[in-house]
Amino acid sequence: LTEVETYVLSIVPSGPLKAEIAQRLEDVFAGKNTDLEALMEWLKTRPILSPLTKGILGFVFTLTVPSERGLQRRRFVQNALNGNGDPNNMDRAVKLYRKLKREITFHGAKEIALSYSAGALASCMGLIYNRMGAVTTESAFGLICATCEQIADSQHKSHRQMVTTTNPLIRHENRMVLASTTAKAMEQMAGSSEQAAEAMEVASQARQMVQAMRAIGTHPSSSTGLKNDLLENLQAYQKRMGVQMQRFK
């Protein structure tokens, strides 16, 4: 889910709204936000976001938040995910859907989806959103990340074939998501030891920094320092605590 958060946030323009969306995504993925109707209403009225970005976010929320089976599909998401009404996009979307149906892993689905255009990918999301077809949640997330990568690429004006993610926007967002996750883990580790106050301090500073960077918008390379500082602080803290946690490398 960290990966999904990273890709989705990389297509949201920097500003206070980005920090707010990041918070909503975090809550949704942590199972804290269970009112899909209210969430969609909130999303629909957000300024600045393009219809497609709203459509993708709406799709993510719908996949993640448990809801009653009969809940109405939202028109603003359907309109955004119709591939501009282009029948070619629809044809390609159906072909892609058939492949995704056989693919159950996130990375497999993402790999397949990356060879399609953003229009076909959006149409394919529309198919799934409108319940015309069903794929595993993993596959759907792979499709979402591939779409965001295509969009971030065109925003970045880089059309070279991307095998690994070289896009600075996505790397930057990934560092910020990692920093938030690390901060959260530090707070959980802190417990009641005397170093707890220090850990909480470092974690809350990191949180504030990430929020500020999202709200103000910074150069993608600026987040490298943030991640390094955080990891250094975390490792120093772990040494003193006598804990070695591998997952933050």
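Cβ atoms are placed via backbone N, Cα and C, with glycine included.
Pulled from Swiss-Prot, these are the features on record:
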- 1-161: region 'Membrane-binding' (REGION)
- 98-102: motif 'Nuclear localization signal' (MOTIF)
- 162-249: region 'RNP-binding' (REGION)
*Looking only at the motif 'Nuclear localization signal' (98-102), what are its DSSP counts of helix, strand and coil residues?*
5 helix, 0 strand, 0 coil
*asked:* Mean pLDDT for the region 'Membrane-binding' (1-161), rounded to an integer?
replied: 89
